[in-house]
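A.B. asks: According to TrEMBL, the protein has these features:
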- His127, Thr128, Lys266, Asn275, Arg284: substrate binding site (BINDING)
- His158, His203, His258: divalent metal cation binding site (BINDING)
Amino acid sequence: MRPIALTMGEPAGIGAEIAAGAWAALRGTGPAFFLLDDATRPFAAPVRAIAAPEEAAAAFPEALPVLHRPLPRPPVPGRPDTGNAPAVIAAITEAVALCKAGRAAGVVTNPIQKATLTAAGFRHPGHTEYLGEIAGTGTPPVMMLACPGLRVVPVTVHEALARAIARLTPELIAGTARITARALREEFGIARPRLAVAGLNPHAGEAGTMGREEIDIVAPAVAMLRAEGIEARGPLPPDTMFTAHARPTYDAAICLYHDQALIPIKTLDMAGGVNVTLGLSIVRTSPDHGTALDIAGTGRADPSSLIAAIRLAAELARARGFA
Ligand SMILES: NC(=O)C1=CN([C@@H]2O[C@H](COP(=O)(O)OP(=O)(O)OC[C@H]3O[C@@H](n4cnc5c(N)ncnc54)[C@H](O)[C@@H]3O)[C@@H](O)[C@H]2O)C=CC1
Ligand SMILES: NCC(=O)COP(=O)(O)O
């Protein structure tokens, strides 16, 4: 199959370390991937500088294939440098272009230091929003995090909580749920996806005595979805919908804001969680964690989530015929 393109992410973070760890784990089995990064950096793995993605598969069993994209400044672990931001962004842009050209099966992104890119003038709060611009399909992309036994989808993502709540509408929730249901059917092979829609307030509003968003916004969204034949239920009390008993009753939890979705999955399985962007013209996954500046350069970074992200990208690429 075509190789997966892995972006460098924040050069001062753990991206290069976990890329080396993922290569060591996958070199014998695949899926093959190549890293867009500076091949002259130190790596905890043998490296083969490649000139094109087409060279990755042959190199992969012996060395980590790196599509050499020089960094303007030598990376210092734990200390992001805005001078490297253009190279970080360029790696994402190029990986997407390689997918669109049929030269890579999918994109896996290493974590970026969002504030550093913002300081360097990047207008997007994260990959998800940028990918919506350069690989979108006409509707805003949807973030889903998945681990064995749980999938979560935040309806609002990288914005202040007060603003996220103010932006909630039945249409926004239903639109996100629709894209999720479609992806679960077409890419994850779930014939009739069951969606659990979270409430916002304690006890899902307790019949309006603790807030009316459930009555005015969430319940109408669920009704819209059900009228379309989508198996949705809610609003569910957020404090109990992630218990071991509740999780098997749905295929994805539609959550109203970032932390409502991400706290349960990272608590349950930080190492096994994968971030996947739904509603793009390409396949994109990512580890669920961030740049981990506090341990960068120490050799303590766990590559498990990146390995899971690469495997899932390959599965989704096969399901979508991009492999
Ligand atoms: N997809 C992306 O590009 C993502 C980027 N980020 C960005 O990462 C930066 C740092 O975010 P934080 O909230 O500090 O979260 P973080 O995930 O980078 O770190 C949280 C804690 O988990 C540990 N940790 C994370 N990944 C680990 C790994 N693979 N192995 C061992 N320990 C690990 C870290 O050492 C730290 O103690 C922020 O700029 C954030 O926006 C965060 C999540 C995803
Ligand atoms: N917390 C999830 C996260 O920040 C991932 O964002 P993105 O860069 O994948 O959009």
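Glycine is treated like the rest: Cβ placed from N, Cα and C.
Given the structure is predicted, the values throughout are model-derived calculations rather than measurements.
Tell me about the setting of these features in this model.
C.D. replies: Within 10 Å of the C-beta of His127 (substrate binding site) we count 25 further C-beta atoms, all protein chains included.
Packing around His158 (divalent metal cation binding site) is summarised by its Cβ count: 15 other Cβ atoms lie within 10 angstroms of its Cβ, all protein chains included.
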A.B. asks: If you count Cβ atoms within 10 Å of the Cβ of Thr128 (substrate binding site), leaving out that atom itself, what do you get?
C.D. replies: 23
A.B. asks: Rounded to a whole angstrom, what is the C-alpha distance between His258 (divalent metal cation binding site) and Lys266 (substrate binding site)?
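C.D. replies: Distance between the two Cα atoms comes out at 12 Å.
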A.B. asks: Tell me the Cβ neighbour count for Arg284 (substrate binding site), meaning other Cβ atoms within 10 Å of its Cβ, over all protein chains shown.
C.D. replies: 27
A.B. asks: Can you see whether DSSP assigns His158 (divalent metal cation binding site) to helix, strand or coil?
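C.D. replies: Assignment for His158 (divalent metal cation binding site) reads coil.
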